[in-house]
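Copied over from TrEMBL, here are the features:
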type	residues	note
BINDING	127, 180, 181, 182, 183, 184, 185, 186, 248	(6S)-NADPHX binding site
BINDING	219-223, 238-247	ATP binding site
DOMAIN	7-323	domain 'YjeF C-terminal'
C-alpha cells in the first residue's frame with residue numbers, strides 16, 4: 001500500500017490567520033474532559049498544549065474536587081468556572097459514594113454538556129482512570145458530543161472505554177482515536193482485525209474501516225494515521241527520550257488543528273473553501289504528529305536525558321513557527 005503525506009501548504013490553509021478583527025475564542029475553544037485523583041497531570045498537558053495555540057482551553061475534571069498543576073494560575077487559565085460537580089469519597093472502600101454536591105451521574109453529564117455550545121472540539125480520556133463511574137460519565141459525555149456533532153478526540157483510558165464499548169463511537173466520522181502500540185493491538189483484537197505481520201499500514205486501514213470511518217492515530221517509532229480510506233505515515237525525527245505526558249500533548253495538538261478545521265468551514269476568514277470537512281481529521285492528525293515530533297526533537301537537543309514534558313510544551317511556539325506559520 002502506498003503511504004502518503006499531505007502537502008504542508010494544504011495544512012497551512014486550515015490555520016487561521018491572526019487578524020485584528022478576531023475576538024477571544026473565535027479560532028478555537030477546546031474542552032478537555034479527564035483527570036482523576038490518581039492522574040491529575042494528563043489533562044493539564046492536553047489543555048496547556050492546546051492553549052499555546054488557541055485562545056481558550058477549558059479543562060473539565062467533573063469527577064474530582066482537587067487540582068494539581070505546575071502553574072499557580074491554573075484555574076484562571078483553564079476554567080470559565082471550576083467544575084466540581086462530582087467527587088469521590090475519600091474512603092476508597094466506598095468508591096461510589098458522592099460527596100458535597102448531591103449530583104446524580106446524569107446531572108454531571110448534563111453540566112459538562114452545558115459547555116458544548118461554546119466548544120469547538122472535545123477531548124475525552126487523559127487521566128480518566130478506569131473506575132466504573134468515571135467511565136460511565138465519559139460514555140454519557142461522548143453521547144452528548146455526538147448529539148452536538150462536535151469533533152472528538154479520545155485518548156488514554158477513554159480508549160479502554162472504546163475497547164469495551166466500540167458501539168458508542170462506531171461510524172462517528174468526527175472522532176479520532178489515539179492508541180499507542182499496546183492500545184492499538186487491543187482495539188484490533190476487539191474489532192476482529194487480524195494482524196498482518198509488521199504491516200501496520202494495512203492493519204490501521206482495516207481498523208479505521210472496522211470503526212466505520214473513525215480516524216486512528218497509532219503512535220510509535222513512526223506514527224500511522226488512517227480513516228479507513230488512506231494512510232499517512234509520520235516518520236520525522238523526534239527526541240530519543242520518551243516522557244510521560246507526550247501523548248497528552250499530542251492529544252491537545254490534534255484538538256487544536258480540529259478546532260481550526262471547524263473555523264475554516266465556518267468561514268472565519270476568506271479562503272477558497274477547497275478542503276472538504278471529511279479531510280480535516282486526517283490533516284489535523286498529521287499536522288499534530290509532525291509538530292509533536294519537532295517539539296520533542298528540539299527539546300531533546302537542548303536538554304538530552306534531562307528533558308521533561310514541560311520542556312516540549314515550551315517548544316510548541318517555535319516549532320509551530322518553523323513548520324506551519326505563513
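Note that Cβ sites are derived from N, Cα and C of the backbone, with glycine treated the same way.
Largest Cα-Cα distance over the residues recorded as binding (6S)-NADPHX, namely 127, 180, 181, 182, 183, 184, 185, 186, 248, equals 21 Å. Taking Cβ-Cβ distances under 8 Å and a sequence separation of 6 or more, the neighbours of residue 223 (ATP binding site) in its chain are 217, 233, 234, 235, 289, 293. Note on proximity: among 219, 221, 241, 243, the binding-site residues of the record, the Cα nearest residue 127 ((6S)-NADPHX binding site) is that of 243. The subset of binding-site residues (181, 183, 185, 248) lying with their Cα within 10 Å of the Cα of residue 241 (ATP binding site) is empty, i.e. none. All protein chains included, residue 247 (ATP binding site) registers 24 other Cβ atoms within 10 Å of its own Cβ. Neighbour count (other Cβ atoms within 10 Å of the Cβ, all protein chains): 15 for residue 185 ((6S)-NADPHX binding site). On a Cα basis, residue 181 ((6S)-NADPHX binding site) lies 16 Å away from residue 245 (ATP binding site).
Among the binding-site residues 181, 183, 185, 248, the residue whose Cα lies closest in space to that of residue 221 (ATP binding site) is 181. Residue 219 (ATP binding site) sits 12 Å from residue 185 ((6S)-NADPHX binding site), taking the Cα positions as reference. Confidence over the domain 'YjeF C-terminal' (7-323), given as mean pLDDT on the 0 to 100 scale, stands at 87. Counted within 10 Å of its Cβ, the other Cβ atoms near residue 248 ((6S)-NADPHX binding site) come to 29, all protein chains included. Taking the binding-site residues 219, 241 in turn, the residue surrounded by the fewest other Cβ atoms inside 10 Å of its Cβ turns out to be 241. Taking the Cβ of residue 221 (ATP binding site) as centre and 10 Å as the limit, one finds 7 other Cβ atoms among all the protein chains shown.
Considering only the binding-site residues 239, 243, 247, residue 185 ((6S)-NADPHX binding site) has 247 as its nearest partner by CA-CA distance.
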